[in-house]
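Noted in TrEMBL for the protein shown:
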type     : residues                        : note
ACT_SITE : HIS37                           : active site, proton donor
BINDING  : 30-37, 149-152, VAL178, 186-189 : ATP binding site
BINDING  : GLN61                           : beta-alanine binding site
BINDING  : GLN61, GLN155                   : (R)-pantoate binding site
Amino acid sequence: MRTLRDIDQLRSTLREHRQRGQRIALVPTMGNLHAGHLALVACARQHADIVVSSLFVNPMQFGPGEDLDGYPRTFSADQSQLTEAGCDVLFAPAVSALYPNGLDAQTRVHVPVVGKGLCGGSRPGHFDGVSTVVSMLFNLVQPDVACFGEKDYQQLAVIRKLVRDLHMPIEIIGVPIVRATDGLALSSRNGYLSVEERATAPALYRTLCMLRDALERGAAIDESLDQGKAALSEAGFTPDYLELRDASLASVSPATRHAVILAAAKLGPARLIDNITVQLPASE
Ligand code: PAF
C-alpha cells in the first residue's frame with residue numbers, strides 16, 4: 001500500500017491507474033479504524049480494481065466544543081490494518097493541504113433538506129463540513145464508486161443527494177452496520193466509554209429493536225417513541241433525538257411502509273448514534 005500526503009502525487013498515481021482502465025473505489029475515513037471501516041474496504045475491493053482510503057480528521061465537520069482535539073488518532077495502526085485489508089493507496093493529507101487558506105476562507109458545500117434536523121439539528125454546520133470534504137475527496141480521487149457506513153444514515157443520505165444534485169458520476173454504496181456481539185454499533189467514539197458505560201451502551205440498540213418490534217406490531221408511533229426515550233434515560237443515556245422517518249428521511253405518513261428509527265444519545269463523554277429499519281404495517 002502506498003501512503004500519499006500530497007495532492008499532486010495522489011492525482012498522478014491515480015491517473016496512471018485510470019489510464020490502464022482500472023476502476024477506482026474510495027473509502028473516506030477519519031482513521032481510528034475498526035471492523036466497520038474494514039467492511040467498507042472489503043466492499044470497495046469487490047467493486048473496483050484499486051482501493052483508495054482517505055484518512056483525514058476533518059476540522060470543518062466538528063462544532064465548537066466538540067471532540068476535534070481529543071478525536072483518537074492512531075495512524076500506524078490504521079496503516080497496518082489498511083495494508084492487511086488490501087487497500088492500495090492511503091491518502092492522508094495535512095489540514096493545510098486541503099484547507100490552505102484556513103476554514104473561514106474555504107468554499108463550502110451545503111446539501112439542503114436531508115441535512116436538516118436529526119444530527120444536522122444538533123450539530124449545526126456538521127453536514128456542510130462533511131459535504132465539503134467529501135466533495136473535495138471526490139474531486140481529487142475521481143472514484144467510480146465510494147463506500148460509506150449505514151450507521152451514519154443521515155450522512156449517507158446527504159452524500160447520495162450531493163452526488164445526484166451535482167451530477168457526479170460516482171456510485172455510492174451503503175454498507176451495513178457492523179455491531180459488537182452485544183449489539184453496540186462499532187464507532188471510534190465507543191473508545192470514550194468507561195468500562196461501566198461500555199456495559200450500558202448496548203441498551204441503545206436494544207431500545208431500537210424493542211421500538212421496531214412494537215411499531216411492526218402496529219403500536220402508536222408517538223407513544224412508542226416516548227417510551228423509547230424514557231427507556232434510554234432510565235438506562236443512563238441523555239437522549240438527543242429518537243425519531244421515526246421514512247427511508248429517505250422525510251416525515252412518515254400513513255402510506256409509509258419502509259421507515260427507519262434514528263437515535264442519538266449521550267452516554268458519559270460519548271455521543272452515540274444508531275438506527276434500525278422498520279416495516280410499518282398498513283393501517284386497517
Ligand atoms: O464518516 C466519517 O468518518 C466522516 O464523516 C467522513 C465521511 C470520512 C468525512 O470526514
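Even glycines carry a Cβ here, placed using N, Cα and C.
Predicted, not measured: the structure shown is a model, and the values here were computed from it.
Annotated features taken from TrEMBL, shown on the structure.
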residue: MET30; record: ATP binding site; Cβ neighbours (10 Å): 19
residue: LEU33; record: ATP binding site; Cβ neighbours (10 Å): 24
residue: GLY36; record: ATP binding site; Cβ neighbours (10 Å): 20
residue: HIS37; record: active site, proton donor; Cβ neighbours (10 Å): 26
residue: GLN61; record: beta-alanine binding site; Cβ neighbours (10 Å): 21
residue: GLU150; record: ATP binding site; Cβ neighbours (10 Å): 18
residue: GLN155; record: (R)-pantoate binding site; Cβ neighbours (10 Å): 23
residue: VAL178; record: ATP binding site; Cβ neighbours (10 Å): 18
residue: SER188; record: ATP binding site; Cβ neighbours (10 Å): 20
Residue from HIS37, GLN61, GLN155 whose C-alpha is spatially nearest that of VAL178 (ATP binding site), among the recorded positions: HIS37
Candidate recorded positions HIS37, GLN61, GLN155, pick with smallest Cα gap to SER188 (ATP binding site): HIS37
Entries of MET30, HIS37, VAL178, SER188 (recorded positions) sitting next to ligand 1, with Cβ under 6 Å as the cut-off: MET30
Residue among binding-site residues MET30, LEU33, GLY36, GLU150 with Cα closest to the Cα of the residue listed as 'beta-alanine binding site': MET30
Rounded Cα separation (Å) that holds between LEU33 (ATP binding site) and GLN155 ((R)-pantoate binding site): 18
HIS37 (active site, proton donor) versus MET30 (ATP binding site) - Cα distance in angstrom: 10
